[in-house]
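Take a look at the structure below.
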Amino acid sequence: MMPGGVAWWASVRNPSTSVGAEAALWRTHAIDVYQRQWANDVQIGLHDTISILNAFGWRQDLTITVISYVDRSTKSTTGVLSPTFNLDIYTAVVTNSTTVRSAPNYMGDTTIELYSGLYPYTQASVLLHDNLGPLMSIDLYLLAPPPSLLAAVTSFHSAHILAIQANRSLREAFEALPATTLLDPIPLAWQSTNYSTYFGGNPTCLYGAGATFVQPSFSFEDTCTAQVPSRLVIDRMAAVFAASAMSLTRNPCSLCSVATVAVCSSLEAAVGPVAKTLKSALSAADVAAAATDVQLMEIGIIQMAVTQATTFVILEQPMLGSGDWDFFGYVALYEWAIGIREVVSFQGDVATFNILSEPVDPIPFAANGLEVPVKSCRYFYAVCGITTCLFLCVAAVTVFHTASAAPNDFVQFLRVAGPVWVGRPLLLLRATAALAALCTVPLVFNGDNGIGRFVFGPRSLIDSMILAFEAVWATVVCNDILLVLAPHRARNAAVLCSWLVWLGIVCLDTLAPPQVDTAMERRCVPIFMDVGYKCSRGTVSIGSVARAIELLGVNAVALAVSYVVVGRPAAAPRQ
């Protein structure tokens, strides 16, 4: 124990300060940004939602992605390159040293690399030490796809979906392509007989004895338990994108082995016509910008190898720019853009490699129907059913007493039967249901050509007229209340007002129906840095609060106009 150690610990063990004060302290030391390093010791959880906004302005969050937190400490492989702080503490404990720099047994006085237990005991560790940098001192940072690549992939997706919806033969040709194709392309320079042993493309796997074949790149889920040949599974969508983004002036299939070259040639022949149709829809400027940015980022794959002369080397293959590899490069870049692959920058003291990972299978997720609220819908449905039954009962009783009724009385049936026998509260709820329907975008699910999607389906004139008629119940209730305040005008004004409201709603819904409004902007809030994040993708408005205000405005204007036009009737002459 050091002199004064207890007092120092007592002064710092319960620090408490504001976020602003802490940030200011870091900035005084020229530290402005904190970036978490990439590691596979934990699978960080994610809860991703999208908000649906209805006609009442109510927001409902629907879950679209759920990834559970998983502690992968027993499967982690990145600790040998960039150890976490808890590993430093563990190392200090087992070696009877300390992390306090001024202590005589400070663990940093020993070469940190020795704590890995690897260097220089395996060939792969020596290779990485010489060509990338000392172990335990290599920084790993996740790189995001450049905006130009995302723009190119997004525009391709849009063009592809629209094209196969409009062109049945194109859709059939696309669906005739194999869903996935297994190939084994190897960069031409790596196929040289000058290399005797390959240790793979994963810098975190340093225990293997090496093999005579090229091995895969790194992966978040790779546990370094087996050495297997490199394979490339090509999805048909990625194949079409790659063929559309480039001109196949060189045969990419020449890089495949004899076992898969025929399969590759068959895929190339089948993809060609589909890509030719979509090539014009893919902006050449977007593709050129994406290619330039990717080459500037020096994205590629590597392979640790030993030459026949026992020289340790790291072979590199850029994703784009070499011609013969470009097709497979575009396939991998497409998967990077859609989130199946990732790029990690391995930054050592000797060199830096920006390496594209192997693809990771997406985590399946099934939507939860319980997240969609239906109580309000059932409530309004019940109200509409009850009021309809009440109207039918009153109408039946009225019909049985037609002998004593004048024909003009039937014209006033709804105005009288509604407020008197059904009641104003139920009529307002019935009108609210109609107004909610009028303020909701009329969407229709379309499954033509095997593609499920929502399309805008404007209401028919009959539907608009019926909904407008039901919405007039709010006007009837207002006029019934105004009967107390303006009894002499209400009789004629109520009729005129109802017709004006009905006509105004029909015209508004027919000429300017509500439209879907989307605002996509992903925002994430950390639950805890290494535990999980809660994210929101944006909002889809299927109901218009503005339209509700417009309909209420139609009602208010119609009321004012009706009572002004009708005016106060002249007093009846005395007998």
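Numbering starts at 1 and runs along the chain as it is shown here.
The backbone N, Cα and C atoms fix where each Cβ goes, and this holds for glycine too.
Copied over from TrEMBL, here are the features:
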type	residues	note
TRANSMEM	379-406	transmembrane segment
TRANSMEM	427-445	transmembrane segment
TRANSMEM	465-486	transmembrane segment
TRANSMEM	493-512	transmembrane segment
TRANSMEM	548-566	transmembrane segment
Between the transmembrane segment (548-566) and the transmembrane segment (465-486), are there three or more CB pairs that fall under 8 A, provided the residues in each pair are separated by 6 or more in sequence? yes
Residues of the same chain, at least six outside the transmembrane segment (427-445), with any C-beta under 8 angstroms of its C-beta? 54-56, 380-381, 383-384, 387, 418-419, 452-459, 464, 467-468, 470-474, 476-477, 505, 509, 513-516, 542-545, 547-548, 551
Are there residues at least six beyond either end of the transmembrane segment (548-566) with Cβ under 8 Å to its Cβ atoms? List them, or say none. 55-56, 435, 438-439, 471, 474-475, 478-479, 482, 486, 489, 492-494, 496-497, 500-501, 504-505, 508
Per the Cβ filter (under 8 Å) with a sequence gap of at least 6 from its ends, the transmembrane segment (379-406) is approached by 413-414, 417-418, 421-422, 426-427, 429-430, 432-433, 436
